[in-house]
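These come from Swiss-Prot:
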DOMAIN    145-313  domain 'Helicase ATP-binding'
BINDING   158, 159, 160, 161, 162, 163, 164, 165  ATP binding site
MOTIF     256-259  motif 'DEAH box'
BINDING   370, 373, 410, 413  Zn(2+) 1 binding site
BINDING   379, 382, 397, 400  Zn(2+) 2 binding site
DOMAIN    405-557  domain 'Helicase C-terminal'
């Protein structure tokens, strides 16, 4: 709202830049806090948001610098609320990001909806409602959550297929009936289709269920943003940007598949969705319900310490079971696909049943390695081996997308004795087509377009495909009713990585993908292929021993002082000049010694495990402490003493998911 008074008003404005400060501008109209304006910043026009307002008579002394005029008013009413400002302050402080860039994160761009525009809500079968029936266990859990007065944070800890989603949907129905707002977090955009499809058939409220993510048109995002800001009752489904909506009546937060690493933003601001959800839960006194068959170790530890109410779901919603689980030691197998797995797939085909093959790698084969000198052909921009992709007949870097022709000889010793080591999804596809020429086979991974992936998934659901091969995407949220055989290839991928979460990742991935085969039928067969059958994460996943894995992993982390027993901050220095990155990393460390205390441990300075990515050399320091405030003080105080240059970029990650 703009009030027309003839006077001069001063405004502190947030601009989308990586600085944690506001900037003074003036205007001759009384503008509302929270609206967007156009300003001149360092010679270029930028959009800013008014955060504070001052009257001319509030300043007794004149400014020592010239204050520029606001160029243009963009909004007639505020686009953000006090809640958005509070949240941005909290995130920027916690993640060491600029206040302005944090405030703008998730905000729809300035665009206007078309006249009479309607939102793309779920409207395929608007008159159809499938009655959502809960079993006794689900009904008791549902009543416990909505009836609890003292406890507001819950975790549904149940094996895949135990019926967590049905409880989530029932909770959505309850809070919509109370005219409240619901935030439904999912780990990937691709899962939105599955979740929405299930809600659609359970509730006749298609006009109250929306997606909010980077794929949604900007005009639609503006409409959803305003609906939330105006207090309309709805369910909004999204990943990270959805957390920034201007909620006013938020009473339920759902976090499906809480363990997924995609909830952590790897771009500025580098927050974790779980941490912001806790902030929102306290702010709105909402219920926060997480769920997973494989909780993150941090969540499990919090449940163990009674910081989160653990609700164990004992029963499987579909009452299915796994008939047989086998581990195949691939050291004794000559082929990519073991004879045991091939036999099981053929048997499934004979019974008109389907097979799901999971492989933890993209690409056709992995590294191109010289048998003479052992040299691995790497990306010239990154310290990472190039991977062969058959469709393009090229070597591709999965970090910076560098492409080159396949090599005929070793660039190190000129030997022609070079071979591809290990294998990927495209080779598995080729092998299956060779052994089973009459089977209908498809694969889904991130090398294929989204439309092609969705088409393959739909065909598999409709039993038009016999064998579906996939990478990580098939471990996340899909329910296939006609599976007989599940094959897991390369179960131990990641085992040798120098990363404290590698064991947890392997256990989680195996447990989740095994759950895909155990939902509907009661004669499923799972075959796990590995060269390390005794590795603890594989062993516990194979035996379905969840609690035992978590206890052993906690013991390992405690001995190493890693999370959840310590807070961790990783600082990466990257530059196209290796010496510059190295020097700045060491300079930061030397300056930080002034603030190092006994309670703070450090690793480094050292080269990052992935030393070079996209032509940038990387050096890092890792700080650990039980007290986050000590780490926060150390980083902020050291930053003040270190002069940064345009040739070295610093990344501060307050909660690193990976140390690679």
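Glycine too: its Cβ is placed from the backbone N, Cα and C atoms.
Structural mapping of features recorded in Swiss-Prot.
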residue: 159; record: ATP binding site; DSSP class: coil
residue: 164; record: ATP binding site; DSSP class: helix
residue: 373; record: Zn(2+) 1 binding site; DSSP class: coil
residue: 379; record: Zn(2+) 2 binding site; DSSP class: coil
residue: 397; record: Zn(2+) 2 binding site; DSSP class: coil
residue: 410; record: Zn(2+) 1 binding site; DSSP class: coil
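Among the binding-site residues 370, 373, 379, 397, 413, the residue whose Cα lies closest in space to that of residue 165 (ATP binding site) is 397. Averaged across the domain 'Helicase C-terminal' (405-557), pLDDT in this predicted model comes to 85. Spatial neighbours are here defined as Cα atoms within 10 angstroms of one another, and by that definition residue 379 (Zn(2+) 2 binding site) has no neighbours among the binding-site residues 161, 162, 373, 410, 413. When the binding-site residues 162, 165 are scored by other C-beta atoms within 10 Å, 162 scores highest. Secondary structure of the motif 'DEAH box' (256-259) per DSSP, as helix, strand and coil residue counts: 0 helix, 1 strand, 3 coil. Comparing local CB density within 10 A for the binding-site residues 370, 379, 397, 410, the maximum falls on 379. Candidate binding-site residues: 160, 161, 163. Fewest other C-beta atoms within 10 angstroms, 163. Highest Cβ count within 10 Å among the binding-site residues 159, 373, 413: 159.
Among the binding-site residues 370, 373, 397, 413, the residue whose Cα lies closest in space to that of residue 164 (ATP binding site) is 397.
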